[in-house]
């Protein structure tokens with residue numbers, strides 16, 4: 001079994017005293033300055049990895065408010081799909097699509113040692129940038145732009161002042177609300193076992209950046225792509241509680257000009273985007289959902305998405321305004337709009353996630369959480385039960401969604417799949433399958449079980465009792481109009 005190289009970073013902490021300063025993420029009232037010092041070492045019994053720019057596992061040690069913190073991170077190997085691609089356009093409008101190597105990337109997930117409720121989403125591309133939770137509080141870390149310095153700022157999520165304090169809203173409804181329920185810290189919010197149990201679903205995502213995003217990033221396509229990667233890395237953490245696994249299939253950048261009319265009218269723009277996706281994007285890229293990100297200021301909104309439309313070729317879409325210099329805020333907004341696609345409506349004041357506002361809050365406020373409420377969980381469960389969108393049933397890729405095996409350290413493993421041993425990276429004994437429409441609780445469903453309901457004059461598809469995928473009914477015609485998009489095959493454990 002391959003061992004990973006552990007890297008410990010000792011951070012000297014110097015609290016900043018004085019008035020607020022402007023960081024890249026906005027005006028911050030108070031932050032601590034930390035200076036990373038990289039120390040490498042191997043745990044007992046570990047073998048040195050082949051040379052990589054970014055280690056599979058890293059640790060950072062520092063202090064927050066005088067409290068020592070050990071941050072354990074593991075590379076997010078489920079971030080990119082197997083055939084991940086990037087698309088941009090030449091000045092004459094010609095499409096250019098490439099498949100860049102992404103195995104040795106710089107995006108991590110993790111936790112804080114001795115805090116079971118903690119989580120983290122960090123990029124190490126250019127310094128440390130991202131968020132982590134500690135004792136129910138959310139902290140952000142980002143590099144300070146100081147010449148010849150490796151200093152970073154660490155500050156609380158709510159300490160970041162936004163330039164525009166006016167409420168920002170989602171366009172699905174125009175209902176403002178403020179929670180009048182007692183606020184509980186996230187560490188005190190315990191979901192029931194029923195709430196915590198969701199069958200896994202797999203969303204292959206495409207992010208499309210319009211030309212305003214290119215202009216906003218000074219025509220730097222690399223910087224724009226990195227921004228999108230950070231957003232998706234955050235979204236994956238947010239959807240983990242629903243057992244939804246998001247993989248990024250493609251980033252499309254309209255570098256030579258918009259391919260639709262992008263205006264301040266979110267409904268009009270989204271309608272055009274959905275039509276473009278149905279006639280263009282679905283024929284080029286295998287995916288389940290597409291999100292448009294724009295720097296155009298939408299009319300009194302920051303996002304808009306269709307409700308309960310996952311897998312629909314035209315309506316499995318949403319639009320998000322790039323409204324913040326903090327990627328966590330933008331990620332929460334995009335997660336919100338995708339939540340609509342997955343059947344979740346806006347939260348009411350009876351909904352609870354342990355914060356003043358949850359992901360599906362109708363408005364975004366300074367204290368908005370990146371967690372789904374109990375109401376959202378119930379609405380998602382109802383949507384999956386009644387609609388069961390077929391395109392997200394099957395795992396797109398097995399090898400990239402299981403972490404490199406790690407032992408003799410405290411790093412978290414990918415343990416969300418009960419059919420798979422995350423420590424040995426081997427199938428559990430006596431199990432038939434890992435996932436798929438004909439796989440349930442690690443066993444093949446019985447022959448004759450319906451795995452795809454008929455629509456109109458079509459015929460049902462049935463499990464054969466031998467595979468985890470849903471075999472096409474041989475008595476169907478040559479073309480089944482409902483077979484879009486073609487689902488990926490499930491993973492069978494041999």
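Backbone N, Cα and C atoms are what each Cβ position is placed from, and that goes for glycine too.
According to Swiss-Prot, the features are:
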| type | residues | note |
| --- | --- | --- |
| SIGNAL | 1-20 | signal peptide |
| DISULFID | 311-391 | disulfide bond |
| ACT_SITE | 337 | active site |
| DISULFID | 351-375 | disulfide bond |
| DISULFID | 353-358 | disulfide bond |
| DOMAIN | 417-478 | domain 'Disintegrin' |
| DISULFID | 433-442 | disulfide bond |
| DISULFID | 438-463 | disulfide bond |
| DISULFID | 439-468 | disulfide bond |
| DISULFID | 451-470 | disulfide bond |
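Nearest neighbour of residue 358 (disulfide bond) by Cα distance, taken over the disulfide-bonded residues 311, 438, 468: 311. Separating the Cα atoms of residue 463 (disulfide bond) and residue 470 (disulfide bond) is a whole-number distance of 6 Å. Considering only the recorded positions 311, 337, 351, 375, 451, no residue lies within 10 A of residue 433 (disulfide bond) on a C-alpha to C-alpha basis.
Across the structure, residue 451 (disulfide bond) and residue 438 (disulfide bond) are spaced 6 Å apart at their Cα atoms. Taking 391, 438, 468 as the disulfide-bonded residues under consideration, the smallest Cα distance to residue 353 (disulfide bond) is found for 391. A count of other CB atoms within 10 A of each Cβ picks out 468 as the most crowded of the disulfide-bonded residues 375, 433, 451, 463, 468. Residue 351 (disulfide bond) has a Cβ environment of 22 other Cβ atoms inside 10 Å. If you take the CA of residue 468 (disulfide bond) and look 10 A around it, the recorded positions you hit from 311, 337, 351, 375, 391, 438 are 438. Cα to Cα, residue 351 (disulfide bond) and residue 442 (disulfide bond) are separated by 34 Å. The two recorded residues, residue 439 (disulfide bond) and the residue listed as 'active site', show a Cα separation of 29 Å.
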